[in-house]
Amino acid sequence: MHAVTKIFIIFIFVFILWTLYVENDITNRTRNTDNIDDLLESANRLERLLKFEAKKIAALAEDVHKIRANRKGKHVIMEEMVSQDLKQWKDPIPVLVFSCNRAMAVRDHVEKLIRYRPSQEKFPIIVTQDCDNENVKNEVKKFGDKVEYIKHLAGDKANITIPPSHRQYTAYYRIARHYKLALNHVFVDKGYSSVIITEDDLDISPDFFSYFSSTRYLLENDEKLWCVTAWNDNGKQENIDMTAASTLYRSDFFAGLGWMMSSKTWHELEPIWPVGFWDDWMRDPARRKDRQCIRPEISRTGMMSYGKEGASKGQFFSKHLAKIKVNDKYINFGKIDLDYLLPANFAKKTNLEVMKEAVELSIDNVASFVLSSENKGKSVRVMYDGNIDYIRKADKLHIMHDFKAGVPRTAYDGIVTCFINGIRIYLVPDRTKVSAYNPDWSVPPSFGE
């Protein structure tokens, strides 16, 4: 029985007793007409008592209502907490750091990883070295038991078969071999279910680990995903929304440069792993199989100055890589519902933002549109009808204009987005002329890098 009901019964009982008392009092008092004042006083007392008890009952009813509402609210909050907790990946996610002969680079990179790492048990760091460089080994050993160091026969001593026409690309063959050996160590020897892959010339953001651990459940539950990357190829400060540090996207483009994959994906790729150029090999439609990656608006990795000394001899470094902005604000992705990145949700969201909310303009009109302060917060779309058209329009927006297996960098369903002067801009394929990605698309030499 509720408290209000009990109080009401007691009140009725008291009221009946009081009424009997008053009636008896009235009977006695009517014998004496001189006691009229006493009768009126009794009636007034009864009226005041009724008002007082009514207020008490109303107050108690309000308290009961609040208690019920609070219980319901706590129940909803608990359900949300349980739901979100189920999305937090419980298994360890090792960070596999690839190194060769840059001692200071690996020192700086590992220092950053340790500084931002919330737990050594959750995020063990494994540094794998390919070259016989004692300085690198010594720098890694200084970290003691904070990291694991692994070493195998160096690539220059492994008698790798390299086609005569590819002698100048020898480093890429050694790197592919290194990746296979190190990833087998993580997934076969150690038995981990996922890995974050980094290179010794990368800078990282304060929320690097939050980003990867909170997106891991997406990799597990979405068969259309095969990686989470920390890198935005168009992540120069003038091309991104600096207020959108928590914004993430799906992308058909495999970027690398700080990325995560599952053991399931590795067990698929390992038997057919290439002898060279592993990243372009992964971008091939035969391997990608229309799968996608998660990428951020603001990169969670950046390129340190050591990058210009890498295997690519600084290709793209000064013009693009060195200019990528690394996020400097901590975002707790564990408190954000990332289900909007699931395939159907993201497709619906993108269609709304691109085809319904954005205004269609020519690339020439976009230039004047972004200069007007009145247009801040608006979005526009620019259509393209082929690779040359895309290259020209990308150049006007100062974003990367190249393709890998026909996929523009950062593209999702052919759509490439950037953010300039407060305006969201979408480069969108004209589906009457561009039906799908074309692996034959390339950049003519006349357009440069």
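Counting begins at 1 with the first residue displayed.
Quick reminder: no glycine exception, Cβ is built from N, Cα and C everywhere.
The cysteine that Swiss-Prot pairs with CYS293 in a disulfide, picked from CYS227, CYS418, is CYS227. With HIS178 (substrate binding site) as the anchor, the candidate recorded positions are CYS131, ASP201, CYS227, ASP279, CYS293, and the one with the nearest CA is CYS131. ASP130 (substrate binding site) sits 15 Å from ASP201 (Mn(2+) binding site), counting Cα to Cα.
In space, CYS100 is the closest of the recorded positions CYS100, CYS131, CYS227, ASP279, CYS293 to ASP200 (substrate binding site), judged by Cα positions. The highest number of surrounding Cβ atoms within 10 Å, among the disulfide-bonded residues CYS131, CYS227, CYS293, is found at CYS293. Measuring Cα to Cα from ASP201 (Mn(2+) binding site), the recorded positions that fall within 10 Å are ARG102, out of ARG102, CYS131, CYS227, ASP279, CYS293. With respect to their backbone Cα atoms, CYS293 (disulfide bond) and CYS100 (disulfide bond) stand 27 Å from each other.
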